[in-house]
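Here the structure is laid out as structure tokens; the discussion comes afterwards.
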Amino acid sequence: MENMNEKIDGKDNGDPKENINIILYLAGKIVSLLGTHIYTFAISLYILRTTGSGLSFALSVLLGMVPRVLLSPVAGSLADKRDRKKMVVGLDILSGIIVLGLVVISSIYGLRLIFIYATTLFLAVVNTFFDVSIGAAIPNLVSDKNLVKINSYTQASTSLAAIMGPVLGGLIYGLVPIKLFLIINGISFLISGFSESFINFKYNMRDSKEKEELAAELATESPIQVDEKGIKALLKDIKEGLDFIKELKPIYALMKFALLYNLLINATLAVIMPFIINDTLKMSSTQFGVIEGSFSVGVLITSIVIGKLPEREKNLKILVIGTVIMGLMVAFIGIPAIGSLQNLNTSIHFIYFILVMIIFSACMIFVNIPISVAMQRMTPDKMMGRVMGTMGTLAGGIAPLGIIVSGLLLDVLPPFIIPIISGILIIIAALVMSRDKNLRDF
């Protein structure tokens, strides 16, 4: 198989139009993500302080998660059949209108819990369609040779928003009334939509034919034929997205490994690590918050570094090494909970977990970005939305499964056993991946 970098040509690095595209995209992305994180943090805090109910809080979290799992394939189908620029701009503006609508309704009837739930649900639906649409459009925003850069900066902006969102949310929530906070939040979405309206979503469309040829070469059967006039049935759309992924053997192989990693990693990071830190080791909430934040710091720094590095022609070796180290870090999460190690000074545990999180997140970026770029290069533009949507649903659906299973195991096993076993399984999977014939040219 010819190398993907040779197969698809790009534009020069110094094109000012491309640089403007990147700046506008990142500006809109950061503002939109900040708006989402600030809203989520402040509304969660408001619900907890107003109701004091863990169930009410859990319901708000659930309303924010479920639409992404259920609607990602639908969003992918629409992203392939509609103007992505209009979708991205319109959806960000719609998010602003939804939040400002909550302000209007609460001014008349008061800020009731049912209004907050409805707003959270509507925003989750809109964000699902927005994320799939903007994700499917990324290969069209820049030349092929800058795909690694824009994916790296996307990860960096996501991490920056994750770090700054709770900080700004807490600051604004403490200084201004909740309604004024919502007004600021709604306006931020409108600003994001305005900046995105200046992005050229068709900057790099000339590679579509080459991508389709590459996809056909990588598939073991004939590539999926998509009706140019539109798919009649949504279910057929979704099925074609899944069938396309199955036929694109390198992507299908990577996806299977990625789903296993997501299952094991979510089980450890979302349930086991918080339990070990807070319950077993009795660390403070401040220390726990810093440890959680160090993950985003690692993502931010590594994403910026990768964006500056020259792209590698072969990624399998770094993929395997990165995954093995991730497996080790997952296993290391359980070690402080073993026997007398629990009695070490809290400061030692604190520094230990920070280092584990930074190393883990750095390796995760070295693994995730090559996979994202490979998928974007091999997927024809007319299938990009469905592929993104299908992967979003699979990844989103596997995460709750890992959380549920780990919660059940935590009741019958010592907490250190689960991350150690998960880490070993990740390492074994990485070694199996290194020998997968479908990834020889990756």
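Positions of Cβ are set from backbone N, Cα and C atoms, glycine also.
Record features (TrEMBL):
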- 21-48: transmembrane segment (TRANSMEM)
- 54-75: transmembrane segment (TRANSMEM)
- 87-109: transmembrane segment (TRANSMEM)
- 115-138: transmembrane segment (TRANSMEM)
- 159-176: transmembrane segment (TRANSMEM)
- 182-201: transmembrane segment (TRANSMEM)
- 258-277: transmembrane segment (TRANSMEM)
- 289-306: transmembrane segment (TRANSMEM)
- 318-338: transmembrane segment (TRANSMEM)
- 350-375: transmembrane segment (TRANSMEM)
- 387-410: transmembrane segment (TRANSMEM)
- 416-433: transmembrane segment (TRANSMEM)
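Between the transmembrane segment (159-176) and the transmembrane segment (258-277), fewer than three CB pairs separated by 6 or more residues in sequence fall under 8 Å, so the two stretches do not touch. If you look at the transmembrane segment (318-338), the same-chain residues 6 or more away from its ends with a CB under 8 A from one of its CBs are 257, 261, 264-265, 268-269, 272-273, 276, 280-281, 312, 344, 349, 352-353, 356-357, 359-360, 363-364, 366-367, 370-371, 414-420, 422-427, 429-431, 433-434, 442. Within its own chain, the transmembrane segment (87-109) is flanked in space by residues 28, 32, 35-36, 39, 78-79, 115-116, 119, 122-123, 126-127, 129-130, 133-134, 137, 179, 182-183, 185-190, 192-193, 196-197, 201, which lie at least six positions past its ends and keep a Cβ under 8 Å from the stretch.
Same-chain residues lying 6 or more positions outside the transmembrane segment (289-306) and placing a CB less than 8 Å from one of its CB atoms are 148, 152-156, 158-160, 162-163, 269, 277, 350, 353-354, 357-362, 364-366, 369.
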